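Student: Let me give you the structure first, and then I'll get to my questions.
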Amino acid sequence: MPVASKVFRSGTAVVAATLSLTLLAACGNGGEAAPVSPDAVGAASDEVTVPVTAATTEIVDAGAEPRSVVRFRPAQGTRQEAQLVTTATVMQQIDEQAVQDVSTPALTMPLTALVTQGASDSTPATTVDLTLGELSTPDPDVDEVLAPATGSHAGFTMNLSGAVTALRLRPDPDAQNKARAMIEQAFYQAVYRTVAFPEQAIGVGAEWRIRQQVMGAIAVDQVTTAKLVARDGDRLTIDVQVEQTPTTALFQLPNGAGALDVDSFALRGSGNVVVDLSVPLPVAGSITAEGSQSFSDPTDTMHLRQTTSERVEWNG
C-alpha cells in the first residue's frame, strides 16, 4: 500500500496539518528554518525561539496629507493588558467518506505584555515579554487540559515597522502537549496577521502591500494589502485583505510519511486592526481567512479535500 494511502486510512491528525499553520510543527520536527530578519534577538536558555520570515512592504498609494513615517516605539517598562481570541476550523473529506470536523476549539488567551527593551536608533527592535492568563475554550474538557498552562510565558521581537521578527515560547513545565500545541498555533496565527508599516511617509487613505513567505508543510507566499482608514494621534485603524499562494506543488507529510500532490489551494481573508503606536499589541480588530485545498497521492488513487477558516481577534 502506498505511504500516502496508509496516512489517509490511519486517521485525520496528520492531514489536518495542511492548514497554513504549520511553521511551528515544521520547526519542532527538525524542518528547515525560514530566513529570519537580522534584528531578531536571542532567547533565554529555557525558551524556544521560532524564526519568523522577514516581511517586505511596497507602497501603492501614499494617502492624503499630512503624511508621516509610522514607527512603533513603545517605551521600556510599558505594560499592556490584551486578549487574543483565535479559531481554526478544518472540515475534510477523504474520497467519498463522510466529512470530518478536525477543528480546534476557539481559544481565548488573556495576555499581559511588558516591554523589556524599547527601540532606539542604535537598537531598532522592541522586545516584549508576555504572561498568559487563564486560557478558555467553549469545551470544559479542553479547559481542564489548558489549566496548567496559566502563567506560561512567551514573547516576541518586533522592528520599528511593527513586523514581528522572532517569537519566543516558554510554556509552564506542567503544561500538556495539547495545551502547548494550541498556544503555539494561536501565536502563529497572530504573528502572520501582523500589519507592518512601510518605511515611507503615509497619510489617511494610504495603501500598501506586505509580502511574506509562510514556511511549513506547504510553503506559501502571503500578500497582505493594508489601507490606513483612520488616524487619531498614535491610534491607527487599518483595513486588511490577505491572500496566500503556494510556492510548491507538494505537501510534505510530517515525520517523513511521504508527500501529497497539491491539486488546488486557495486562501483569502479580510478584516481590520486597530493599533496604538505606544503599546506593543493591537488594541482591537479581527481578521478572518477562509480557504479550500485539495490533495491526492502520487498514484491518484486517494483524494483529500479541505475547507478551512481561521480568525484572529484582538481586544485590549
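Cβ coordinates are placed from backbone N, Cα and C, and glycine is handled just like the others.
Curation plays no part in TrEMBL annotations; they are all automatic predictions.
Below are the features I grabbed from TrEMBL:
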type	residues	note
COMPBIAS	290-299	compositional bias 'Polar residues'
COMPBIAS	300-316	compositional bias 'Basic and acidic residues'
REGION	290-316	region 'Disordered'
SIGNAL	1-25	signal peptide
Student: Per DSSP, what is the residue tally for the compositional bias 'Basic and acidic residues' (300-316) in helix, strand and coil?
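Tutor: DSSP composition of the compositional bias 'Basic and acidic residues' (300-316): 0 helix, 13 strand, 4 coil.
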Student: So how many of the residues in the compositional bias 'Polar residues' (290-299) end up helix, strand or coil by DSSP?
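Tutor: Going by DSSP assignments, the compositional bias 'Polar residues' (290-299) contains 0 helix, 7 strand, 3 coil.
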